[in-house]
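Novice: Supplied in C-alpha cells, the structure appears directly below.
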Amino acid sequence: MTDVTIKALASEIQTSVDRLIQQFADAGIRKSADDSVTAQEKQTLLTHLNREHGSAPDKLTLQRKTRSTLNIPGTGGKSKSVQIEVRKKRTFVKRDPQEAERLAAEEQAQREAEEQARREAEEAAKREAQLKAEREAAEQAKRELADKAKREAAEKDKVSNQQTDDMTKTAQAEKQRRENEAAELKRKSEEEARRKLEEEARRVAEEARRMAQENEKNWTEAPETPEETTDYHVTTSQHARQAEDDNDREVEGGRGRGRNAKAARPAKKGNKHAESKADREEARAAVRGGKGGKHRKGSALQQGFQKPAQAVNRDVIIGETITVGDLANKMAVKGSQVIKAMMKLGAMATINQVIDQETAQLVAEEMGHKVILRRENELEEAVMSDRDTGAAAEPRAPVVTIMGHVDHGKTSLLDYIRSTKVASGEAGGITQHIGAYHVETDNGMITFLDTPGHAAFTSMRARGAQATDIVVLVVAADDGVMPQTIEAIQHAKAAQVPLVVAVNKIDKPEADLDRVKNELSQYGVMPEEWGGEAQFIPVSAKAGTGIDDLLNAILLQAEVLELKAVRNGMASGAVIESFLDKGRGPVATVLVREGTLHKGDIVLCGFEYGRVRAMRNELGQEVLEAGPSIPVEILGLSGVPAAGDEVTVVRDEKKAREVALYRQGKFREVKLARQQKSKLENMFANMTEGEVHEVNIVLKADVQGSVEAISDSLLKLSTDEVKVKIIGSGVGGITETDATLAAASNAILVGFNVRADASARKVIDAESLDLRYYSVIYHLIDEVKAAMSGMLSPELKQQIIGLAEVRDVFKSPKFGAIAGCMVTEGTIKRHNPIRVLRDNVVIYEGELESLRRFKDDVNEVRNGMECGIGVKNYNDVRVGDMIEVFEIIEIQRTID
C-alpha cells in the first residue's frame, strides 16, 4: 500500500485535518498536515482508536419496576387499596482480562492444592491399613508364642511334679504367682501400645477426610463474583413486604426466582436482611417469644438496653441564657430534678423560665456535670472581624446637629442655609422626624441633622446627639432658655459634643443677647468672651444675618476637632430614621461614618439585613456610593430597622442573616427574662391593687421615630387608675391585621400621618371601631388625655349650702328634741346630710329628719328665717350649737 498524506487521509475518512493530527498525537505519532502516513502508522492509530472508543462497556445495569395493588382491612370493616411498587436493580460488571487470568491461576492453584491433599489422605490411609495389618500379625504371633509357652510350662510342671514329688505345695504356688504377674504386665503393655497406634491412625484419617470434604465443597460451590449485586427490597410495612413476595412469585414463579425459592438456597454472603417472608416471621417470633411465657433464645434483632451502673457525667455546653427545660435535656435528666436542684440552691423556677449563665453553671456543677461556657456572640464577632476597613484616614465633613426649643427657628435656619422650604412641608410648622442634609459651602461640606424640638422627641434628639460631631444650639433672643433648650444642653454634654450657640431672631426689637448669655451660663454654657468654650453667634433666619459667621464657626470647630475617617473599605454607620414605603418597602436613612457604602453591598442593620438595591440622597436622586458623613436613603432591607441601630457592611449574606436571626432570638429571650423578673417583683403590688382601667391603643405612624416618640408620650400619661397600653405599633398604613387586633383587644386605632387601606376600613365599619387620624402630636396627646379622663372615677366634694344657729330646744313626742333655729347663711334643705357643731367642733354627723316653719313641713328655709329642725337619731342638741347643712357633688377629674 502506498503512503498517503495527512490531508488525503483526512478527506478519505471524512474528518478534519486538525482532529486527525490530534488523534495521531494521542497515539504517540507526531505528524503535520503535509506528512505522509505509512501502513504501520495507520495500524497503530487504528489500535489506539479501538482501545479508546471501540471497547465494550465494562458495566451493565438492568432495572425493573413492577406495580401491584393490595387490599388491606381497615377500621369499620372497610377495606383499603394500597398501591405497591417494587423496584429491582441488577448490575453486571465485565471482568478485566488480567483479573480473569488471576482468578484462573487462583483456581488452578486451588485444584492442585486439593489434589495434593487428596493424595496425602490416600497415602495416610494406606499407611494406616498396613500398620494395622502388621499389628494384627504381631499380636497373632505373640498369642501363639504365649500358648506354646503355656503348653511347655504345663509339660515341664507335669514332669517336674513327677520327678520332684518331694517339693512342697508352698513353693509351687509362689512360682505360679510370679509367672502370672509377668504375663499380666506383658499383656497390659501390649494393649496400651495398640490403643495409641489406633488413636493416631484414626486422627490422621479424620483430618484427611475433613480437608477433602472442604476442598470438594469449595470446588463445587461457585464463588460470588461482582457480576450480580445483591438487591434490597426495603419496605416499611408488613403488608408491603407481603405484597412484594406475592408479586415476585407471580412474575418469577416459573423460573424459580421467587423469594420462597431463594429461601431454599443457602443465603448469600453479606445479605443483611431476611430473604423471605418466613425468615422475617421467624425473626419477629423470636423477638416476641413463644406462647405460654416460654421465650425463645434472644434474637440478634432484639434490642438490649441495660441501665447504667452509675451516673453519667456529661460535658454541658451553656450559652449566655438557657431555659430550665433545655438545661435538663443537655444533662439527660428530667426537668423536675433540675427544679429540685435549683430549690436546694434557693432559686424558684419553672421549666420554661430563662435563667442566666451563672445560675445554670451552679446547677449543672451541683449535679456533677462538667460545664463548658460559650459566648453566644461568637458568630457576630467573627462576621464583624471579617471586614475590610481600609487603612489610611482622611479628613471628613463635620456632622452638625441643630437643637433647641420648639418654634425657636431651627428648621428656618437650616432652610435658609439650604435655600429650600423644608418648614412649609411640616405639619403644624414643627419638625416631626429627623431630616439629614449635606450642603456645600465655600469653605467645605457640612452635614446637618435637624432634630425636633418638642419634648416628645427626646429619644430622637438623643440619637441625633450620639451621631453628631458638633451641636448648634438655637436659642430665640426674645424667648431665652426654655425646657427643651436645657434638655438639648444635657444631651450634648452627655455625648461630650462641643456646642455652638446660635442666638436666633436677633432682628426682633425685644431681642436681648445678654439675657441669653446669662441664662445659658447658669447651665454651664459659657461664652468665649467670658472665658468659656462656647461660640455665641447672633443670627437671623429670616434676614440671613450672621449665617456666614455661623458656618465659619462650625468649620473652625471642626478644624479643631481634626475629624478624620477611613474613606476606602467596607462602610459602617447609623440609622437616623426608618419607615415603610408602600411602593419601595422598608426605607432607612443612614448616616455613613466610615468607609464607602456602595449599591449592592450586603448590610447588617440591627435585627434586619439585606442587599442595598438602591440609594438616594436627600433630594431623591439616585446615587451609587456614599462616603463618610453623607446621609442616604437605602432600600432592600428585610424589615424596618429601629432608629439608632448600627449599620455594618459584611461579606456574606448568609452569615448576615444568621446574625440578624440570632439578635432577634436574643432580644426575645432578654424580653421574656425581663417580663419574668417584673412579674416576681410586682407580685404583691399586683395582689393589692384594685381595678385599673386601661386605654388600649393600636398605633401606626409614617416613620419609626414618630412611633417611639408617641409611644413614650402616651405611656407617660398613665396613672394609678388609668393606664395607657400600646397593644400594637408599627410603621406604615393601617392594615386589616391592625384593625382585627384593635377589634379583639377593644382598642383605639390611631394613625399618625398614615391612612387605613380598603380591607382595614371594611373591618373598621363592621366592628364599629374608633379610628382617629392625626398629623400633629399635640392633638393626639390631648384627645388621649380626654379619653383617659372619661375613665377616671369622679371626685366627690362636700359643699356647704346652709348654716343655722340653735336658739331654743323643745320636745316633740314624735321626733324627740326639736331645735328652734335661725338660718344665718345659705339655705337649709330637707333630707340633706348635716353636721352638728359645738364650739366649732363637729360632734355629730347625720341627716335632717324634720324641717318645719310654723307647724308646716317645708322643703327648704332661706337665709334670715326661723325654722324647727329635727335631727335623725340625735337628741343632744343644745342652745348655741350650729347646724351645718351640706351636699355631696361629683367633680369630673382630668389628666394633667
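In case you wondered, yes, glycine gets a Cβ from its N, Cα and C as well.
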Novice: Which is it, of 50-53, 386-389, 450-453, 718-721, that Swiss-Prot names as region 'G3'?
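Specialist: Of the candidate stretches, Swiss-Prot labels 450-453 as region 'G3'.
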Novice: Name the residue range among 424-428, 429-433, 644-648 that Swiss-Prot annotates as region 'G2'.
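Specialist: Region 'G2', as annotated by Swiss-Prot, spans 429-433.
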Novice: Which is it, of 12-19, 404-411, that Swiss-Prot names as region 'G1'?
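Specialist: In Swiss-Prot, the region 'G1' feature sits at 404-411.
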Novice: Among 504-507, 580-583, 608-611, where does Swiss-Prot put the label region 'G4'?
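Specialist: Here Swiss-Prot associates region 'G4' with the stretch 504-507.
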Novice: Quick one: mean pLDDT on the region 'G3' (450-453)?
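Specialist: For the region 'G3' (450-453), the model's average pLDDT rounds to 61.
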Novice: Please give me the CB contact count at 10 A for G404 (GTP binding site), counting all chains in the structure.
Specialist: 26
Novice: Same chain only, sequence gap of 6 or more: which residues have a CB within under 8 Å of the CB of I506 (GTP binding site)?
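Specialist: Within the chain, I506 (GTP binding site) has Cβ neighbours under 8 Å at A477, L513, P538, V539, S540, T545, G546.
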Novice: In the region 'G1' (404-411), how many residues does DSSP assign to helix, to strand and to coil?
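Specialist: Each residue of the region 'G1' (404-411) counted once, the result is 2 helix, 1 strand, 5 coil.
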Novice: Out of these binding-site residues, D407, K410, which one has the fewest other C-beta atoms within 10 Å of its own C-beta?
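Specialist: Minimum Cβ neighbour count within 10 Å, taken over the binding-site residues D407, K410, occurs at D407.
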Novice: Which of the three DSSP-derived classes (helix, strand, coil) applies to I506 (GTP binding site)?
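Specialist: Where I506 (GTP binding site) sits, the three-state DSSP reduction gives coil.
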